[in-house]
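These come from TrEMBL:
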DOMAIN    2-315  domain 'Acyltransferase 3'
TRANSMEM  38-60  transmembrane segment
TRANSMEM  72-93  transmembrane segment
TRANSMEM  124-144  transmembrane segment
TRANSMEM  153-170  transmembrane segment
TRANSMEM  176-196  transmembrane segment
TRANSMEM  203-223  transmembrane segment
TRANSMEM  235-253  transmembrane segment
TRANSMEM  265-286  transmembrane segment
TRANSMEM  298-317  transmembrane segment
Amino acid sequence: MLRFVAALAVVFFHYAFRGCAADDLTIMHYPPLEPIARYGFLGVHLFFMISGFVILMTAGESSIKNFIASRAARLLPAFWVCCTITFLVTLAIGGDRFTATWSQYFVNMLTLGGGFGADPIDGAYWSLGAELRFYRLVAILIIIGQIGRTERWLFAWLIGTVLVETFPFIKLKTFLVTDYAGFFIAGAACFLIRAHGLSRSRIALVCAAWALSLYHELQLLPYFSEHFGLDLNPLTVAVAMTSFFAVLLALALRRVPMLTSTRWAWFGAVSYPMYLVHQNVGYMLFNLVGVTVRRDEMFWGVIVATIMFALVLHVVVEKPVAGPMKRAVMRGIDALLGRASALLGRRVRQ
């Protein structure tokens, strides 16, 4: 449920504010929601907090092979479908505002969002880069056998982030995901509280992560003012950020059973494909038919269509493909390790 709320906040941000506010992405502007929607970008940061919680929960007993396979099975099927659809829609109706090339498409399919000189097919893919860097840190802990000592490493990550922010000559900003470290750390700390209970160190970790997250949120405000030509209320940002922490902490303490009820499971299930497909495709649909359809009907119609598409994709693609893909990735890793071991053995004998 919480994931769906975060994804929907981002959808409102893009549709009701961001697309028309800068960069000439769309003709759609939705004034009734704009004063609230401008804060919707915070939903991505809530996503990061949830990711910190969930990834640590699933990684605790995982081997590195299982961790890689499970992440691939979770991310790749929906991404490949959504990236392909966005690419084809761009070719068909992108016009002057949106363009894409085949080489760009293939790079995106391989890297989950650009690289090697190619831009992301969809601007929303930027957050996947931060997620993948977080996964890399978790994978390192699994490989070195330290996943059971995550708490001390979260403190080390927090301290390292503060040092990098304080002393820019320390070239670890990308590796430590410093811009978003506070959110991931907060989510992971809340999972530790849920799994092992409250302690002074875990409370201190959550409080420090809150301070770091709030610092990074407030650092965004000058950019926001410059790029979009309006100011965000720092108090509103602080209250929203603090509410995220309060909800996640309540979840860790098992005080909000409604959020974990299975009856709402589909909301969380559709949040990832909804996030992946909504931005550029939505903008292009607005630009294509926005002048011939009433604004309210177009705005809410595209949102409903996006949610329904995400639900269909989850049922038709994600659920049936996840298991076979995970097994295939695990077999592929075994094959690679087998070949590497055989090659190393031959070199040793030589």
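Every residue number used here counts from 1 along the chain in the order it is shown.
Glycine too: its Cβ is placed from the backbone N, Cα and C atoms.
Remember, TrEMBL labels are computer predictions, not curated facts.
Counting only same-chain residues 6+ beyond the ends of the transmembrane segment (176-196), those with a CB under 8 A from a CB of the stretch are 45-46, 48-57, 60, 130, 133-134, 137, 150-151, 154, 157-158, 160-161, 164-165, 202, 205-206, 208-216, 245, 248-249, 251-254.
Distant neighbours of the transmembrane segment (298-317): 11, 15-16, 28, 30, 77-78, 81-82, 266, 269-274, 277-278, 281-282, 285-286, 289-290; these residues of the same chain sit at least 6 beyond its ends, with a Cβ under 8 Å from one of its Cβ atoms. In this chain, the transmembrane segment (72-93) does not touch the transmembrane segment (153-170); fewer than three CB pairs sit within less than 8 A of each other, excluding pairs fewer than 6 residues apart.
Sequence-distant neighbours of the transmembrane segment (38-60) (same chain, 6+ residues past either end, Cβ-Cβ under 8 Å): 2-3, 5-14, 16-18, 21, 67, 70, 127, 130-131, 134-135, 138, 141-142, 147-148, 150, 180, 183-192, 194-195, 213, 217, 228, 230, 232, 236-237, 240-241, 244-245, 248, 251-252, 275. Three or more CB pairs closer than 8 A are found between the transmembrane segment (72-93) and the transmembrane segment (265-286), so contact between the two stretches is assigned (pairs 6 or more residues apart).
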